[in-house]
Amino acid sequence: MSSSHHPSRGRGGRREASLPIDVASTSSSSYLSSPSASRAARFSPALGTSPTSSSYGSSPKLGSASTASAAKSWYAKMKYSDLYDTSDIEVGFLKDEVGEKRRSGMGAWSERVQSVIVDLPFEEFAREVDSYKKTSAGDVGGEGGRPQKHNHFHRVNPRSYSCSPLNSLMGGLSVRLAADESRYACTEDVLPDEAWLLILEEIGVKELCVVCSVSKHLNGLVHSSPYLWMKLYKNTFGIEPETEWSAKVVKHVLCKSERSASKWLDAKPSKKYVGFKSTAVLTMDDSHAISGDGQNLRVWVHKNDRRIKTLKGHTANISCIGFDTNHISSGDVTGHLKLWSMDELRNIRSLRAHADTVSDTLHFQTLCITCSLDGFIKVWDAAQAHPLVLTLEGNARLYNMCMHGARNRLYSVGSDIVGWDLETAQPALRIREDETMITDPDEYYGYPVDVWPGTGNCSKALANNGNLLASAGKGIVNVYDIRTSERCCTWDVGEGFDRDVQGDVTGLDLDDWKLVVGFKGREGIGVYDVRSASSGSMKTEPVMELRPPERSRRIACFGVFDSYAVAGLEGDHQCYLWNFDQTHVAEGGSDDDDEARHAHQSRKQKKKKGRCAKERKKYPKRTTR
């Protein structure tokens, strides 16, 4: 038997509901009323109901789907918006309580199940929601080993509302309200629309979206002035938007770019040691990382540091690694290429691919592509009896490659950048670069060498994101516009080296908004915002520096994918992970705790190094008859 208790009856230990006001039907400008008005009224919106001043504590119909969905929507907005002070917010929800058992017949028992409305502080309710999500994911909770039921949302009660964007704008202009605050219905009336437009032209994408969400008047003003979004697009990307794009499309592009950048710029990454020691070459995707240290190839999971398998078979140091969903390819300094099955993690092909070091390998569709210091690019198909499909001659040492799958074009970098059309097997693009970006191995090591040692790094690196092409070498970074083959911007990061080594590139990654690059001799990785690079107005100062915890630990290689960055450190140290994904918090606690644990593990391994292995005897399994 189910009964619904009215919230105004005030059961013991529960908070009585407040006066309901419909948030959806209330004008946003009422939230921006004068301070005296806001102090005089304490409002508590019951989502999905209409304003009823005479019915104190009235609630919507229990089980209403529209009420629950509206409350969930406002809960999500308040959780992820900085407009609300969560310490002053309450959430009301329906909770089923079981009353005392009573005898309803001879030898029979029944339970009284009643739905009551409970108000909890916002933070406490958020913790309950998180615990419910974990329970529904597979944990067992509640009585009788059953998952706890997620009760319906009922209402969200913000007791105060802070409009920080408008207050900051008003404070920046030093606008003072008149003594008689009752003359103004809302703060937007203080300034004319022309003045507001001048203010809105100076704020960013995120701030403009917030302003539109808190004020109907300013929202209409922004919609009636589409040039605001066009100007923001030009300030962000450095070029005018497409002529056929509407203001709504431009806003969508800006917001998408802002969300991608905010994953890194607005997040505080968690950090921990992962992987293997002395990692010299590294590549990764959203779930796996494959690294090489010496002649060993390691497969592991970077999120939780789960070791999967060590692949052995190389007789020389591994110089490059590539993989897709089907195959892993690894090349070494003697020119040998090994292909491994991704499913079975076993070697399926061993090839003498090149006459010199295999400098890079990548996968495109079902093909494996390699380049070498011998000046050749070779395309391989592991499924064929004769795997060599195509050979391209570069006429110079080749250090790195990248693929633009949409155009079916392969880019390689040596002394110059060459774009190859794989359909015709002919060069389609050539960009001349300065010879000072290349490190001569004889000059680098001070004596003649035949091949580069297996450091996993090369003199130059290359990356592209569709429209931009970036190259790096000897402390210099160049960015080119593929559509015009012109250099957009260039800068030198070699001034910050701590020692007189400006050689190998430890890594280069380019996506829609950022360029990540590192050089040997530096202790960190530089992250640059390249959204305005096409216009030549890009800022060459890094927006972020990723550094390992100790200054003495320099980065030998690194990989970046989505919200993760993993760096292999020089010397006898593990890799280091930066996790910008807030939904998956890396284990390990603070940097100090992680550093202490890493030092303790190192001491423990050194202590046991000279001990003899304990002999373990196996006994037959005991059976009973």
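Glycine is no exception: its Cβ is also placed from the backbone N, Cα and C atoms.
Remember, predicted model here, so these are calculated numbers, not experimental data.
These come from TrEMBL:
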type	residues	note
COMPBIAS	1-12	compositional bias 'Basic residues'
COMPBIAS	599-625	compositional bias 'Basic residues'
DOMAIN	185-232	domain 'F-box'
REGION	1-20	region 'Disordered'
REGION	42-63	region 'Disordered'
REGION	587-625	region 'Disordered'
REPEAT	311-350	repeat 'WD'
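Residues in the domain 'F-box' (185-232) partition by DSSP class (helix H, G, I; strand E, B; coil) as 36 helix, 0 strand, 12 coil. Below 8 angstroms of C-beta separation, residues 280-283, 285, 288, 290-292, 294-299, 356-363, 366, 368, 370, 372, 374, 380, 382, 387, 451-456 of the same chain, each at least six residues beyond the ends of the repeat 'WD' (311-350), sit close to that stretch. According to DSSP, the secondary structure content of the repeat 'WD' (311-350) in residues is 0 helix, 24 strand, 16 coil.
Per-residue pLDDT, averaged along the domain 'F-box' (185-232), amounts to 86 for this model.
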